[in-house]
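Among the features that TrEMBL reports, region 'Disordered' is placed at 1-20, 508-539. If you look up TrEMBL, you'll see 41-61, 81-104, 116-138, 217-234, 255-274, 294-317, 324-346, 366-391, 403-432 marked as transmembrane segment. Residues or ranges marked as compositional bias 'Polar residues' in TrEMBL: 513-523. The compositional bias 'Basic and acidic residues' annotation in TrEMBL covers 524-539.
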Amino acid sequence: MEEKESEINGHAGHKNPLPTVSLKSEKNSFKDRFMVFFKRNLLVIFTVSGVLVGVGLGMMVRNMNLTRAQMTYFAFPGEMLLRMLKMIILPLVVCSLISGAASLDTRSLGKLGGIAVSYFLVTTLIASSIGVALAFIIKPGVGAGALNTNNLGLEGVSSNKETADSFLDLARNLFPSNLVSAAFRSYVTDYKTILVGNVTNGTLNYQKVPYGTDADGMNILGLVLFAMVFGVALRKLGPEGEELIRFFNAFNEATMVLVSWIMWYVPFGIMFLVGSKIVEMEDVVLLVTSLGKYIFASILGHIIHGGIILPLIYFGFTRANPFSFLSGLITPFTTAFATCSSSATLPTMMKCVEENNGVDKRISRFILPIGATVNMDGAAIFQCVAAVFIAQLNNVELNAGQIFTILVTATASSVGAAGIPAGGIITIAIILEAIGLPTHDLSLMLAVDWIVDRTTTVVNVEGDALGAGILHHINEQEMKKQRQQEQHQEEQELEEVKVEVVANVKAEEETSPLVTHQIQGDSSSRETLDDKDGVESVL
């Protein structure tokens with residue numbers, strides 16, 4: 001045994017068992033690394049597999065010619081996923097914003113809020129510009145003049161809402177009259193026609209008068225604003241508000257636990273969501289051939305904005321690889337692709353941004369709910385493409401003023417666009433009204449919205465996530481600067497103390513040793529006298 005060991009240690013002989021051991025260890029290490037990777041990305045693998053299996057399942061079931069009722073039953077597991085995600089939105093948005101706003105001091109909250117709003121506005125404006133530019137380059141509506149809703153067997157979409165009323169509704173929804181009803185209803189302006197004039201004179205005329213109604217759907221804008229202001233108010237209370245802040249923090253953590261449970265149902269639900277959409281499709285070939293240019297222009301805009309512009313903005317701020325950041329968000333992107341809802345993707349996005357990318361909880365819980373409501377880059381692209389497409393369809397030449405109106409209206413109205421499937425169609429109506437185009441061709445957009453809306457939602461949530469990453473980086477830089485300033489101040493204070501100590505030492509050295517010896521002797525003699533007095537008094 002000793003001879004063998006000496007041979008191995010001395011590298012004697014060609015038949016060395018070490019390489020086999022290293023190969024085994026390499027195999028084991030590779031296997032371990034693969035298992036670690038597999039466990040870490042298990043949910044991502046399941047989610048992506050769910051989409052692929054859903055496509056195959058949809059193709060198979062499509063040939064079975066199901067009835068409408070059978071289609072509804074087939075889509076049931078997917079519907080359950082949407083219901084679960086929508087159920088968690090209200091507590092998640094309110095609690096995360098209250099705890100996020102309460103955990104940040106007012107100065108940093110204002111600064112971060114200002115940067116976030118600027119980022120959202122600039123990116124949405126860039127997205128709108130890309131949409132208009134691509135629509136003019138590709139010209140999706142040229143040569144499609146013969147295309148109308150009757151050829152495709154589509155229902156008409158009517159919208160007679162004034163542009164001014166749309167923006168006034170936005171402001172009204174920011175301040176809901178009833179917080180409880182804001183959880184499931186939002187304010188919408190409707191119109192009624194009344195007779196005005198004198199019957200005897202025969203000067204009767206009809207006037208369209210706006211009046212307020214409630215529409216189904218959560219008023220997320222009002223809830224976001226209330227939660228932010230309430231969080232700031234709790235912070236201002238000081239010690240009295242700490243108990244309520246702790247309550248909302250605990251509520252938020254419990255909601256995130258629920259989200260982690262729901263996420264394991266996501267792959268199964270997505271499979272049926274995608275499958276049922278494929279089964280429900282009417283004549284896909286006719287739609288794609290007639291509206292192919294419009295679909296291509298919209299999706300190309302999303303690829304340019306999501307794949308080039310947003311990563312470049314992230315890199316410009318952080319000097320970090322944006323694609324390594326995005327690689328941790330595959331599950332939310334898949335959820336966005338399947339559900340077509342920014343709001344429904346919010347729970348999974350928050351969890352992945354915090355756990356996979358290490359974004360500060362205070363930042364993510366403050367910025368992501370606002371982003372899901374306000375930031376709609378993908379929607380701005382397809383709305384601008386749609387507006388130019390409808391103008392080309394009706395042979396209307398757009399002037400510079402109308403193009404500017406499209407850009408501004410798309411950027412502003414995307415703020416109020418609902419984070420739900422087909423929420424952007426209503427916003428296109430506002431843009432068309434603003435530039436004086438007919439809205440009867442909107443059903444064409446609705447026909448292919450289920451295709452375009454998928455990439456739209458992915459770009460929307462990507463913009464939110466990268467915004468959270470940028471704010472996290474800026475916040476870290478600020479904290480580093482503060483630490484450096486504190487260290488510098490401490491060093492200065494230490495130097496001042498050292499100078500004082502050195503001065504005292506020099507003063508002591510300057511005094512005569514005899515004097516110091518005498519002083520010490522006097523003090524010791526005093527102490528002995530005091531001791532004696534003390535003993536006498538005791539006696």
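From the backbone N, Cα and C atoms, a Cβ is placed for every residue, glycine too.
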Contact call for the transmembrane segment (81-104) against the transmembrane segment (366-391), three or more Cβ pairs under 8 Å: yes
Segment proximity, the transmembrane segment (366-391) to the transmembrane segment (255-274), 3 or more C-beta pairs under 8 Å: no
Recorded stretch that, among 116-138, 217-234, 294-317, 324-346, 366-391, has the most CB pairs under 8 Å to the transmembrane segment (41-61): 324-346
Intrachain neighbours beyond the transmembrane segment (324-346), with Cβ under 8 angstroms and 6 or more residues off its ends: 43-44, 47-48, 50-51, 54, 81-82, 85-86, 89, 92-93, 218, 220, 263, 266, 269-270, 273-274, 311, 314, 352-353, 356-357, 368-369, 372-373, 376, 419-422, 450, 453-458, 460-462, 464-466, 469
